[in-house]
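*Asks:* Here's the feature list from Swiss-Prot:
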BINDING   14, 16, 100, 248  Zn(2+) 1 binding site
BINDING   16, 17, 18, 42, 137, 220, 252, 264  substrate binding site
MOD_RES   100  N6-carboxylysine
BINDING   100, 137, 175  Zn(2+) 2 binding site
ACT_SITE  248  active site
C-alpha cells in the first residue's frame, strides 16, 4: 500500500466560516486544502439576498491568505418571505450558487428559517427554472419528535414530496446521517445528491455518549447508531456520484461548546481531507476518495473539476488541542489525538 496519495484538489460543498474577526482563521483553514466551498448563510442576521451575499463574499475574499485563490460559492438563506425575484437576482449575480432550506429551529442560527415548506414553493419553483440547487437541512423540528428520528421523518413528510413536485430541481440532501437518507438518495432521480461529513463516517453516537458526554462530537444532525455509520461509509465509498464531500465544519468558541447547553457543530476544516482519508482507508477504498472529494461535487453543480493536485502522506501527527478563533479559541475535532494522514504542504 502506497504511503502517498495524490488527488485532484478537492472542494468542500458545505462549510460554515462564520464572520468578523474569526474569518482569517476559518478561511485560512479551508483554503489550505480546498479550491472552492459552498458557504453556509446562517449568520446573524442571515444572508437573505444578493446584496448581503455579495457583502459577505467580499469579507471572505479579504480574509484569504496571501496568494490564495480560494473561491467562496455563496448561498441564499431561504425564509418564508423569499421571492422568485430574490432567486432570479441571486442566479444573475454569478456568485450565488445555491439556496438553503433551514427548517426554523433546526440548527445554529436557523430561527429565521422556513416555518412551512409550502411557504417557499414559489421560490423553489424559481430555483428549478434557473437551475440553482436547493440545499436541504433535512430534519423536522417538532418537539415531540425524537432527535434521532428527525431525519427519517423529514424524508417521509417533506423530501419525497419536494422531489416529486419539482422533478427538474437539483436537490442536495446535506450532511446525511442515516441509512434511510442514503437509501433515499440512491433511489432518487439523478438530480438528487447528498453531502456526507467526516465525523459521520468516523464516529457514531457511542463516541459522543459512552464514558461521559463529549461536547466536541455534538453536531446536528446528531451522530446516530453504528448501523447508520456503516450505511454512510457504504455510500461514500461506493463510487456513486450522488455522494460528495461536505464537511459541515462549524466552529464555536470553546466556552460555547463546553457548557451546560452547548452549541452544535464540529470543527474539522483544519484537517478535513486527512480525516476523510482515514475513513476511506478503513474500507480499503482510498481509490474512491478522489471521486468523492474532487469529482462528484463539481459534476453535480455543473462546474469543472479542479486541475491542480494535493498530496497526502501516511505520517502520524498530533492534532492541536485548540486553534485561534478571533480573540478566543476553538477546540477542533480530534484535538490532541493522532491522525494517520498529513497534507503535504507545497513548500515541504
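These residue numbers are counts, starting from 1, taken along the chain as shown.
Glycine is no exception: its Cβ is also placed from the backbone N, Cα and C atoms.
On this model, are these features tucked inside or out on the surface, and what's nearby?
*Replies:* Mapped onto three states, the DSSP output places residue 14 (Zn(2+) 1 binding site) in strand. Residue 14 (Zn(2+) 1 binding site): 27 other CB atoms within 10 A of its CB, across all protein chains.
Annotation note: residue 100 (Zn(2+) 1 binding site) sits in a strand segment as assigned by DSSP. The Cβ neighbour count for residue 100 (Zn(2+) 1 binding site), using a 10 Å radius over every protein chain in view, is 26.
Long-range Cβ proximity for residue 248 (Zn(2+) 1 binding site), meaning a same-chain Cβ under 8 A and a gap of 6 or more residues, is found for 14, 15, 16, 174, 175, 195, 197, 219, 265, 266, 268.
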*Asks:* C-alpha of residue 264 (substrate binding site) to C-alpha of residue 100 (Zn(2+) 1 binding site): distance in Å?
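*Replies:* Approximately 18 Å lies between the Cα of residue 264 (substrate binding site) and that of residue 100 (Zn(2+) 1 binding site).
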*Asks:* So which other residues, same chain and not among 14, 16, 100, 248, have a Cβ within 8 Å of the centroid of the Cβ atoms at the Zn(2+) 1 site?
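*Replies:* Leaving out the recorded residues gives 15, 38, 40, 42, 135, 174, 175, 246, 250.
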*Asks:* Counting across all protein chains present, how many other Cβ atoms fall within 10 Å of the Cβ of residue 220 (substrate binding site)?
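*Replies:* Excluding its own Cβ, residue 220 (substrate binding site) sees 20 Cβ atoms within 10 Å.
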*Asks:* Cα of residue 137 (substrate binding site) to Cα of residue 100 (Zn(2+) 1 binding site): how many Å, rounded?
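*Replies:* Between the alpha carbons of residue 137 (substrate binding site) and residue 100 (Zn(2+) 1 binding site) there are 8 Å.
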*Asks:* Cβ-Cβ under 8 Å from residue 17 (substrate binding site), same chain, 6 or more residues apart: which ones?
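*Replies:* Spatial neighbours, sequence-distant, of residue 17 (substrate binding site): 23, 26, 27, 30, 37, 39, 40, 60, 72.
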